[in-house]
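Encoded as structure tokens, the structure appears first; notes follow it.
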Amino acid sequence: MVHIVTSSLKHQRSQHILVARSMDKLELVEDKVDWKGRSAVKYKHGGMRTAVLILATFGFENMATFALAVNLVTYFNGVMHFELADAANQLTNYMGTGYILSIIVAILADTFFGRFKTLLTSGCFEFVGLALLTVQAHYPKLRPPLCNVFDPTAMCEKVGGGNAALLFIALYMLAAGAAGIKATLPSHGADQFDEKDPREARQMSSFFNLLLLAVCLGGAVSLTLIVWIQDNRGWDWGFGFSTIAMFLGVAIFFAGLPLYRIQPIRGTSAIVEIIQVYVAAIRNRNLSLPEDPADLYEINKDKEAALEEEFLPHRSIFRFLDKAAIQPSTTGQVDEQQSPNPWKLCRVTQVENAKIILGMVPIFGCTIIMTLCLAQLQTFSIQQGLTMDTSITKSFKIPPASLPIIPVLFLIIIIPVYDRIFVPIASKFTAYLPA
């Protein structure tokens, strides 16, 4: 009898476990959909397995473009016969356009097109741009005649006409594609994790470290193999390998289509929301701040709980931005039935997000100074290296464009040590989980 009861209890327990597991598998992810617009299922969509595809995509994208960033000035000067200063200017224009466009593309992706579609389109743009560069480098009719630019008596013909148009079309298609990928791929990767799940939150933290590692691994291959191919086998071969790498990146990203968690189009952008705070604060500059911060505008936390809105507490810093949340003096409060004009009145949480970004300006400033140094490394330093003897042995020379491999190799070593050793040890002392 006891045996029968025990067996029955074990059977019921196993049934409960199976039901619990099936419920877990059917758990929906809030505010995420699949590629068909259906609610994303936690154990079917997203997670680290899809993040790996995104990491591979970013790695191949950087494999395709790193060599361009450091060696394109040599192509402009030696093949297209731009003057050295003009070649450096063309490279920095191309790089700067990509960075500026990334801000615009991020706004358009969040507001109108969505991150996934923007990513796929950007990858195709970058692939076509590289393919056009490959075609132009391969066919002599599409570029100026060969000429030794280091011969002071040579009269080298500069690229012009339709060939120049082809060069710049390819170059700025590349810039537009790279901008879209840099603007949306990291955030699309973050969409694959649920911040409310402790396990996935920790995985998200590791994802961003691995994202930088993927950049460095792709860059290392680009700075060594592809740069060597460009210098020793020809620019058409070098651009061709970059095109293949970009194709593989786009193909890998597209292969994960059924598995991704996709963020629905929000209709607004975080950048736009930050701008709204400054516009509203300027409009309300003549108004007096209330003595009690609780009188500043914020949506009703209880009534809006179903919307999963973010709520941040008020902080007494950068008080001039608080004027963006001053409620109309006529009523003392906002009609909850109508949404206020966000260019005149902002939530406290929105204001606090703007304060966070403002507080990070010194960090941004440091990166600007570093980037100025990188611009010199990518242009005149590369050309300077061409005039030097880069031989290590009689049969081995280091291409000047491969010199940036040194900091990249250091990052490849440091990132895994930081993520797998330093962070877990530091978490034990600080009680702070890297989520």
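The chain as shown is numbered from 1 upward.
Cβ from N, Cα, C; glycine included.
The transmembrane segment annotation in TrEMBL covers 52-76 (among others).
Per TrEMBL, the feature transmembrane segment maps to 96-113 (among others).
Residues annotated as transmembrane segment in TrEMBL: 120-139 (among others).
Nonlocal intrachain contacts for the transmembrane segment (159-185), taken as residues 6+ away from its ends with a CB within less than 8 angstroms of a stretch CB, comprise 54, 57-58, 61, 65, 68, 80-82, 90, 94-95, 97-106, 109, 115, 118-119, 121-130, 132-133, 136, 142-144. Sequence annotations record features per position, and here TrEMBL assigns transmembrane segment to 159-185 (among others).
Residues annotated as transmembrane segment in TrEMBL: 206-229 (among others).
The transmembrane segment feature in TrEMBL is assigned to 241-260 (among others).
A Cβ distance under 8 Å defines the sequence-distant neighbours of the transmembrane segment (356-378), meaning residues of its chain 6+ beyond its ends; these are 69-70, 73, 91-92, 95, 274, 317-318, 321, 403-404. If you look up TrEMBL, you'll see 356-378 (among others) marked as transmembrane segment.
Listed as Cβ neighbours of the transmembrane segment (398-418) (distance under 8 Å, sequence separation of 6 or more from its ends, same chain) are residues 67, 70-71, 74, 209-210, 212-213, 216-217, 219-220, 223-224, 227-228, 230-231, 377, 381-386, 388, 390, 392. Marked as transmembrane segment by TrEMBL: 398-418 (among others).
Contact count against the transmembrane segment (241-260) (Cβ pairs under 8 Å) is highest for 120-139, out of 96-113, 120-139, 206-229. Using a Cβ-Cβ cut-off under 8 Å and counting only residues 6 or more beyond its ends in the same chain, the transmembrane segment (96-113) has close neighbours at 121-122, 172, 174-176, 178-180, 182-184, 265-272.
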